[in-house]
């Protein structure tokens, strides 16, 4: 009986000793790591490696604490390396220390720092506004603007890499879009988890005169689907039913939809967001794989409806939900009353009204004499009898009754007498 009790006490003593040793090791500050180095793989993969500290406590299960200079991305792990995909646009420094637990509150060893400098070259020569969009999960298109201190005849080269590639590849299809320069390359899903990877992009020139630019593109961001295809439009029971085919490579639950509905009776552009499938009673083949539908109630019977649809990714499957696809090709349905008849009527009615008004004016002028004949005025008779003289007087009043004297003229008068002879 004494031997089992002795063994139990010995086991407890050993456990207590180990615990005390671990606690002592945990509270003890460990030596710093050694041989810290940094290197670059692929295009933008930075790898820091180091060796365990010399003289570490034997009871310590080493963990390594690391973070960047801005105290971001703190990490505690047992590995003696750290790998990150980072753009090489500026100086990047990592600090590493050792400790005996994964507790962040534990004080690590003195930190050792190692930095990597940005690529050589004038920062103003690097390309700007470098962005990449994954189109319909089929190809990636990257575009950029030339740097400020760049020659107009610079020939650019774009390289890309992702984990499924053994080495980086060069994009061959470089072209211009206005002021932007762009390049497209095929990029499809190669494995189920491919969407959760990153693509490393680097743009530089053939002559090595500009600073290379590196960008890390997450495949769950900046995804732009192709426009959907409208399959059916149906007017039934005062409602408009719309069914469309979703773009390939996407599951319906990973997309958000917008439907634009316009009609000839109003000038409003109605854009409606589709939150759920509302075509429960649709007679079309709505259960076909990759199709979605929408129902708009309260449509007008005498109007033509024009419909367009567009889609974007949602955050159920992707990190980004801002890039809408282009609008689908518009399709119309409905019957409108004969607009030619109304147009003709609108043009002819004013002409008829104008002609009728002119005829009526002439007719009223003659009709006035018949309806309103002149009334005899007895006073006019006396006015004519007694008023003529006054009128004549007034008429002659404006004339001068005295004639102006003309100039006197004097003529000589010769008297000729005819003398008769006296009788003898």
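In case you wondered, yes, glycine gets a Cβ from its N, Cα and C as well.
According to Swiss-Prot, the features are:
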{"type": "DISULFID", "residues": "44-93", "note": "disulfide bond"}
{"type": "DISULFID", "residues": "132-142", "note": "disulfide bond"}
{"type": "DISULFID", "residues": "171-183", "note": "disulfide bond"}
{"type": "DOMAIN", "residues": "32-121", "note": "domain 'Fibronectin type-III 1'"}
{"type": "DOMAIN", "residues": "224-336", "note": "domain 'Fibronectin type-III 2'"}
{"type": "CARBOHYD", "residues": "35", "note": "N-linked glycosylation site"}
{"type": "CARBOHYD", "residues": "59", "note": "N-linked glycosylation site"}
{"type": "CARBOHYD", "residues": "103", "note": "N-linked glycosylation site"}
{"type": "CARBOHYD", "residues": "136", "note": "N-linked glycosylation site"}
{"type": "CARBOHYD", "residues": "262", "note": "N-linked glycosylation site"}
{"type": "CARBOHYD", "residues": "338", "note": "N-linked glycosylation site"}
{"type": "MOTIF", "residues": "324-328", "note": "motif 'WSXWS motif'"}
{"type": "MOTIF", "residues": "371-379", "note": "motif 'Box 1 motif'"}
{"type": "SIGNAL", "residues": "1-25", "note": "signal peptide"}
{"type": "TOPO_DOM", "residues": "26-340", "note": "topological domain 'Extracellular'"}
{"type": "TRANSMEM", "residues": "341-364", "note": "transmembrane segment"}
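Where Swiss-Prot records a feature, it is marked here on the structure.
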{"residue": "35", "record": "N-linked glycosylation site", "DSSP class": "strand"}
{"residue": "44", "record": "disulfide bond", "DSSP class": "coil"}
{"residue": "59", "record": "N-linked glycosylation site", "DSSP class": "coil"}
{"residue": "93", "record": "disulfide bond", "DSSP class": "strand"}
{"residue": "103", "record": "N-linked glycosylation site", "DSSP class": "coil"}
{"residue": "132", "record": "disulfide bond", "DSSP class": "strand"}
{"residue": "171", "record": "disulfide bond", "DSSP class": "strand"}
{"residue": "183", "record": "disulfide bond", "DSSP class": "strand"}
{"residue": "262", "record": "N-linked glycosylation site", "DSSP class": "strand"}
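In this structure the alpha carbons, written CA, of residue 132 (disulfide bond) and residue 103 (N-linked glycosylation site) are 39 Å apart. For the recorded site, residue 142 (disulfide bond), the DSSP three-state label reads strand. Of all the recorded positions in the record (35, 103, 171, 183), the one with the smallest CA separation from residue 44 (disulfide bond) is 171.
Of all the recorded positions in the record (35, 142, 183), the one with the smallest CA separation from residue 103 (N-linked glycosylation site) is 35. A straight line from the CA of residue 93 (disulfide bond) to the CA of residue 171 (disulfide bond) spans 31 Å. Sequence-distant neighbours of the motif 'WSXWS motif' (324-328) (same chain, 6+ residues past either end, Cβ-Cβ under 8 Å): 224-230, 244, 247, 258, 260, 308-312.
Per Cα geometry, 142 is the residue among the recorded positions 35, 59, 136, 142, 262 nearest to residue 183 (disulfide bond).
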